[in-house]
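**Q** So TrEMBL lists these for the protein:
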type	residues	note
DOMAIN	30-111	domain 'Manganese/iron superoxide dismutase N-terminal'
BINDING	His55, His103, Asp188, His192	Mn(2+) binding site
DOMAIN	118-221	domain 'Manganese/iron superoxide dismutase C-terminal'
Amino acid sequence: MNMLCRVGQIRRCAASLSQTINQVAAARQKHTLPDLTYDYGALEPHINAEIMQLHHSKHHATYVNNLNITEEKYQEALAKGDVTAQVVLQPALKFNGGGHINHTIFWTNLSPNGGGEPQGELMEAIKRDFGSFQKMKEKMSAATVAVQGSGWGWLGYDKQSGRLHIAACANQDPLQGTTGLIPLLGIDVWEHAYYLQYKNVRPDYVKAIWNVISWENVSERLQTAKK
């Protein structure tokens, strides 16, 4: 009897431990809204405080919340072996996951002390692959302005060739997940990123955002991508 009691107790402890581990794992997997390293008004006059506040605390927060909900449903579908449900959830996973990935990069690409021109290895790579910094800016600006509807313009790194490339992605499609390019610099051209200040004149917004680009951050991303 004592042996049976001990076995039962061990099983109960194991079950409790397993449940605790699962809860901890689930908690660790929860995505959170990253803090900005600058105030909402710090990028003015190029991007005003109202846009930044709404963009970060509302739009990005919504992607994070929906991503967590979608991942929870996806885990349930995996546990049940429900392939149909998994397929149905994939567009939401891509959209909200991409939104979280893209914006997390975007905030760090911006800085109140940004603008000007990059230095060092990044500048040399830009000159090599585009001819000049000005030509890169013009090409990326044109590709970004030309995005139909909502999306992003990107400067990315191709690890295979070791070269920089410019690409545009629709909606919240993440650059690396859809093109294989490692994202270095992204420009958000969803209307919520600029409409309150620039109305429907997207080219003015794209022109202005170069004044707050953190080339230090872009350079760090290039160094990481090359490893």
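Every residue, even glycine, has its Cβ placed from backbone N, Cα and C.
Where the annotation comes from TrEMBL, it is an automatic prediction and has not been curated.
So that I understand the layout, could you describe where these features sit and how close they are to other parts?
**A** Within its own chain, Asp188 (Mn(2+) binding site) has His55, Asn102, His103, Phe106, Trp152 as residues 6 or more apart in sequence whose C-beta sits under 8 angstroms from its own.
For the domain 'Manganese/iron superoxide dismutase C-terminal' (118-221), the DSSP-based tally of helix, strand and coil residues reads 54 helix, 24 strand, 26 coil.
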**Q** Given the recorded Mn(2+) site (His55, His103, Asp188, His192), which additional residues of the same chain have their Cβ within 8 Å of the Cβ centre, ordered by sequence?
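**A** Once His55, His103, Asp188, His192 are set aside, the remaining close residues are His56, His59, His60, Phe106, Trp190, Ala193.
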**Q** Here the binding-site residues are His103, His192; which one has the lowest number of other Cβ atoms no more than 10 Å from its Cβ?
**A** His192
